[in-house]
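Following: one structure in structure tokens, then a few remarks.
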Amino acid sequence: MGIRITRIRPGDHDSQAPPPPSIAVETGEGEPPQRDHSVLRRPSIYSTIDTAPQLGFYANNTMTGRLQHSRPSLEFLRKTSGEPHQVIGGDGTLSVNWDLPPPPSEDSGNPAGEPVRFGWFMGVTVRVMLNIWGVILFLRLTWITSEAGIILTWVIILMSVVITTITAMSVSAISTNGKVYSGGAYFMISRTLGPEMGGPIGVVFSFANALACALNTVGFAETVRDLLVEYDAQMVDPINDVRIIGVLTVTALLMISLAGMEWESKAQIFFFVVLLVSFANYFVGTVIPATVEKQATGFFSYRKEIFVSNLLPEWRGPDSGFFQMFSIFFPAATGILSGVNICGDLKDPETAIPKGTLLAIFWTTVSYLAVAITAGGCVIRDASGNLNDSVSFNATEGCVGLGCDYGWDFYACQQNNTCNFGLANDFQVMRMASGFGHLITAGVFAASLSSALGFLVSAPKVFQCLCNDNIYPYIGFFGKGYGKNNEPLRAYVLTFLIAIAFILIANLNVIAPLISNFFLCSYALINFSCFHASITNSPGWRPSYKYYSPWASLFGATISVILMFLFTWWAALITFSIILFLLGYVIYKKPQVNWGSSVQASTYNMALSYSVSLSGVEDHVKNYRPQCLVLTGPPNLRPALVDFVGSFTKNICLMICGNIIMEEENSDAPQHSADSLIKWLNKRKVRAFYTRFNANSLREGACNLLQSTGLGKMKPNILVMGFKANWRESTPRSLEDYITTINDTFDSNYGVCILRMMDGLDISEELEMEEGENQSSVNPAFDASESGQTWPSDDVDRESENEDEASANQTRTVFQNKQGKKSIDIYWISDDGGLTLLIPYLLTRRKRWHRCKVRVFITGQQQTIEEDRNEMMSLLKKFRLDIADVIVMTDRNKNPVPKNWKRFEESVAPFRLNQEEHPDVPLHELRRESPWKVSDKDLEALKPKSEKMVCLNEIIRRNSKHAAFVIVSLPVNQSGCPSSLYMAWLDALTCGLHCPALLIRGNQQNVLTFYCQ
């Protein structure tokens, strides 16, 4: 009995009580249902709920239209029993309930018609050969041979082939490293190097294809114009005739393109056959004995003397030269990406692109070399075309020139520069040398029209992909597709308009160098993409095509850039200026795309290499940087703490936001995903890492984070916390946990910073109120005008609504405001190595704080006040710190104001250890049971210190009324001091301040030095 498993959709059941998604097991009795491959789940042998490997888990449904499967999560596998629930349906079907989430719904928007797909020969080989065989072959190659000679013409051809072959191998490697879709060169470069380089080259390459369309159209128009002149049917004048014919031609090509890929493919087949016939006609014509009329135009069939005379170059005119000829010829080699540009219309791009492109390059290279050597062996450079210039073989005295050996004297036209025929003067040499001239004309028509049509199709396809990626604004309009092949009709019209603009130039020799620069730039980036992807050694770089070398790709990229400047330096500068402008825009905008580019892999390699190298370097005080572990919890709930640390660590120091999740919070508080919180940090432009740790207590979590976070030398050396504003109402265990965390940090030789805001740091209540009332609740610690600002959430799926909130809410804090000319007051009570001075110095380097003046307050005696001040000024000057003033406090030993002292005593009262209530229990036993409580003995012994804390607070409030920020040395908690009393000291130091206050203490090691070594 056969057993089959199929997925039961919820919609297949009774609508009143839809069961969860299930798997139906058919026993084979009766007619089995139609197999649905899109939802079939094959179980693993380990468990019936586990799944075997299958394609659906790896397919990208956004690109292929295939229904994407989701494999069971680890949480599901861990928490679900091994056997699914079995349900017997009314028809006897055994249903197995997997409790799996349903797969994504089918996209009903797919076009009903099946798109046209091409194989490697018709889709790539024929298309590439037709684009390479353009107007340069028929109208300029023989002229280049006359200028450069056969040898240098072969060098030009072979150099072009080297560049195109290396590029083709790079393209083959990239295109076989994963499934390639529409977009051609732009798609490959952008998915390899990222949108930063892909976006600019997509614009440039699309524009280059539009120019190539104009080039071939002008070549066709020149041929038609010459025919009109030959038959005395000129319309206006030579230039305007080319313009008129060119515009009419490109309009006709547009109509063919708009008709769809099927008509375009049929037209290309016709052009290919015509070209093959014209080639055969030319080569046959070169072996046919020359008629008198052909001899008058310089054709004498194969002659040794003609071949030898045409071997070396003969430059004519100021614009002649090797690189000038190279720049004119190179567009003839630029059709190699024609197959790549329509990769979305190929049946198997990974196989078709390497095979078809390289085969097309080989055969077109053979044809170019053959045309150059045959033309150079049959036709002399100058001929008049006048039958009266013939001389008898017996009367050659006084005859000068190569034609004399064959009975022709062309010396007169050579001297007068009136020769209209020969290799150097006639662009229609192939037509003259062929067996039947009109077939060559047909070949010119086929070559120019096929190339123009190919480029007219390629440019919109590339531009459509660029538009759909939304990298640049205002171009999405052109990305809309129509029909079963998703044809970009609007992009066709745009390409048509660009082509017309350059057709109006009506000069082939002007357009060709421009195209050469654009295509060379594209080839350089393609080769560099292959090189870069190879050297990063990313595990994701696994091309099926193995016959490539990253160093050959680098050579191809380098030589392409060099040739750009050798061809036309001003065009190269314009090209690079355009690319740099577009590159700068993408870098500034930072599009929200992730294509797994080689730039990401390279960044990882460099980070890993530098981190390993740094681990072998000893620390030096000159290179000290505050590397902060910030206990923010979810960063979006304490933005002020995040902004404060980000203000002095951005781009220069390490910042890690730590979120310690305690057991009681796991079930009660909603948790944001790490990805959403990282997006919140990025949107806030805070350069920080985020890590989450589950622990039983704050102390345990902080201790583990300090030991485990970081890498090598990139490890925290400062713990930054928020002030525990609710310490009086919190549980004794929570208070003890907070203080022991500070103590453990000191014991681990770390610095500690505690930030206090007047109205606290946690804005979770404000966010909840804003969500409930749909309006922002203003916390006085924040800027009221912008406390409710949000940024649009991404279009990607979120795991929960909490992620949306974490990514969207952006509250503006005081640390994001310009502080003007306020002061930063530093109360440097204890020398901690200089961290108390370094943090405000780094803060004033930021634009928002750089106008603030820094004042340092120190303690001293009345009789030595001037000496103390001068000594401190001298020290600060050696540290090269810009300190506005140093103030010596001499009233630190005064008694505090009674009102303030009473407030301090009231804050400690709830934590007093009342021994009278337990007279029979020894004091040490009571302290062991409640270590946070303060005994009368402790309070009396530490009263002088407590008075100094209260007195210092009075001094701070008196001197720092208008300060933007107050920084105070953090007292170190000595063993034996109860946690509640130490917390009361911290509260007393910073209470009543309207501005942010920072309690700070380094690890007693120097972080500042005035030595140069």
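The first residue you see is number 1, and the count goes up from there.
Placement of Cβ uses the backbone N, Cα and C atoms for every residue, glycine included.
Per TrEMBL, the features are as follows:
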- 1-43: region 'Disordered' (REGION)
- 46-77: domain 'Amino acid permease N-terminal' (DOMAIN)
- 118-139: transmembrane segment (TRANSMEM)
- 123-629: domain 'Amino acid permease/ SLC12A' (DOMAIN)
- 151-174: transmembrane segment (TRANSMEM)
- 201-221: transmembrane segment (TRANSMEM)
- 242-263: transmembrane segment (TRANSMEM)
- 269-292: transmembrane segment (TRANSMEM)
- 321-340: transmembrane segment (TRANSMEM)
- 360-380: transmembrane segment (TRANSMEM)
- 436-456: transmembrane segment (TRANSMEM)
- 491-511: transmembrane segment (TRANSMEM)
- 555-588: transmembrane segment (TRANSMEM)
- 638-787: domain 'SLC12A transporter C-terminal' (DOMAIN)
- 769-814: region 'Disordered' (REGION)
- 794-806: compositional bias 'Acidic residues' (COMPBIAS)
- 798-1012: domain 'SLC12A transporter C-terminal' (DOMAIN)
- request: Count, for each of 118-139, 201-221, 436-456, 491-511, the Cβ pairs lying under 8 Å from the transmembrane segment (360-380), and report the range with the highest count.
  value: 118-139
Task: Could you give me the DSSP helix, strand and coil counts for the domain 'SLC12A transporter C-terminal' (638-787)?
output: 67 helix, 29 strand, 54 coil
Statement: Maximum Cβ pairs under 8 Å to the transmembrane segment (242-263) among 151-174, 436-456, 491-511 is reached by 491-511
- prompt: Which stretch, 151-174, 321-340, 436-456, 555-588, tops the Cβ pairs under 8 Å count with the transmembrane segment (491-511)?
  reply: 436-456
Beyond the flanks of the transmembrane segment (201-221) by 6 or more, those residues with Cβ under 8 Å of it: 134-136, 138-139, 183-186, 189-190, 241-243, 245-246, 249-250, 253, 331, 334, 341, 444-445, 447-449, 451-452, 455-456, 458-460, 462-463, 465-466, 471-472, 495, 498-503, 505-508, 511-512, 514-515, 518-519, 521-522, 525, 575, 578-579, 582
Field: Annotated stretches the transmembrane segment (555-588) and the transmembrane segment (118-139) touching (3 or more Cβ pairs under 8 Å)
entry: no
- line: Averaging the pLDDT values of the domain 'Amino acid permease/ SLC12A' (123-629) gives 84
Field: Remote residues contacting the transmembrane segment (151-174) - C-beta distance under 8 A, at least 6 residues beyond either end
entry: 141, 144-145, 185, 188, 192, 311-313, 322, 325-326, 329-330, 332-334, 336-337, 340, 353-354, 357-358, 361, 365, 368-369, 372-373, 376, 520, 523, 526-527, 529-531, 533-534, 543, 545, 547-549, 552-553, 555-556, 559-560, 563
